[in-house]
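Undergrad: This is the structure, below, for whatever I ask next.
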């Protein structure tokens with residue numbers, strides 16, 4: 001009888017190496033936060049208060065930072081808003097702590113950007129709007145001379161900002177939006193990912209000419225398939241040119257509720273799974289603080305950052321020996337503060353032990369009225385279902401992995 005060769009010994013690592021290794025990038029510092037492939041993926045968001053309202057802006061920045069936004073962006077549409085950033089930064093330091101801040105600058109914004117650069121850690125510009133080209137209805141072509149004149153105007157306008165940021169050791173985001181490409185980009189490339197990439201490249205090459213590389217790039221669109229194509233193309237194009245700048249990921253105008261979260265998870269999560277992306281912002285039409293758990297959830301699902309307990313639970317079926325949904329909620333309520341643990345709650349022994357083999361602890365339906373507790377793959381004890389949650393807590397305590405929940409937490 002023919003026999004098969006013995007397979008290689010299984011890896012001892014609980015998780016396989018990613019199919020796509022992370023895209024190598026430079027490191028860019030935004031205040032005390034480092035963005036790039038050698039560092040954890042950074043979560044950020046943006047306040048929606050008017051920057052001229054100093055107290056409201058400071059409170060909003062603090063709320064976001066406390067919620068887990070490691071970098072906070074503010075809109076700076078005028079010179080008055082730019083000057084207000086000095087007071088905002090000062091009050092943050094006095095009443096809270098320094099927070100890495102990004103100023104969002106758009107239409108013909110060079111004077112605003114130069115002013116605000118001294119008060120923030122990063123300036124974000126939109127290439128489609130920074131040197132605004134007045135559209136000409138009925139235009140049928142751009143001459144080479146016209147294109148060269150626009151490029152020269154961009155270089156002349158943009159270079160002082162690059163030099164200022166370089167001198168101050170600040171960062172820049174070249175943030176392209178699919179919905180605001182310049183007219184000539186639309187004329188040459190259409191409303192396409194190619195136009196988005198070329199729009200960013202035009203500005204990035206000026207940065208490289210000035211030997212300024214504290215640059216982050218983004219290529220956002222409201223449709224995940226467009227942003228996916230743009231980021232993939234950008235990774236190939238920029239890396240081929242040696243401009244391996246970090247990428248800021250996001251689906252802009254994702255909407256609200258469940259569908260907004262799904263769109264963000266599809267767009268951001270797909271790229272992260274491919275090794276593309278170094279900082280993320282989930283954009284929801286909701287209070288900005290609600291974006292943060294979604295962002296960390298995406299990172300946890302991909303095993304990129306662990307900020308909560310990982311619960312493994314089956315969907316339930318006719319073999320389930322207890323109310324799985326109810327028990328999962330009880331287990332979660334008792335253990336959700338034990339960040340770093342993987343806990344499985346499985347309804348029966350058919351798939352339970354195998355499906356939860358890489359969990360730290362398992363709670364599995366054994367026979368009617370009884371459950372088994374596991375430590376990894378090892379069955380530790382069988383207890384009445386009514387004692388299951390407390391027995392799980394005692395097992396975790398016996399292993400020295402229990403900590404008391406913080407005061408006021410749901411686990412307390």
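From the backbone N, Cα and C atoms, a Cβ is placed for every residue, glycine too.
Grabbed the feature section from Swiss-Prot, which reads as follows:
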- 1-12: compositional bias 'Polar residues' (COMPBIAS)
- 1-22: region 'Disordered' (REGION)
- 314, 317, 348, 355: [4Fe-4S] cluster binding site (BINDING)
Undergrad: Can you count the other CB atoms that lie within 10 A of the CB of residue 355 ([4Fe-4S] cluster binding site)?
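TA: Neighbour count, Cβ to Cβ under the 10 Å cut-off: 16.
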Undergrad: Determine the minimum-neighbour residue: among 314, 317, 348, listed as binding-site residues, which Cβ has the fewest other Cβ atoms within 10 angstroms?
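TA: Ranked by other Cβ atoms within 10 Å, the binding-site residues 314, 317, 348 bottom out at 317.
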Undergrad: Using DSSP, would you call residue 314 ([4Fe-4S] cluster binding site) helix, strand or coil?
TA: coil
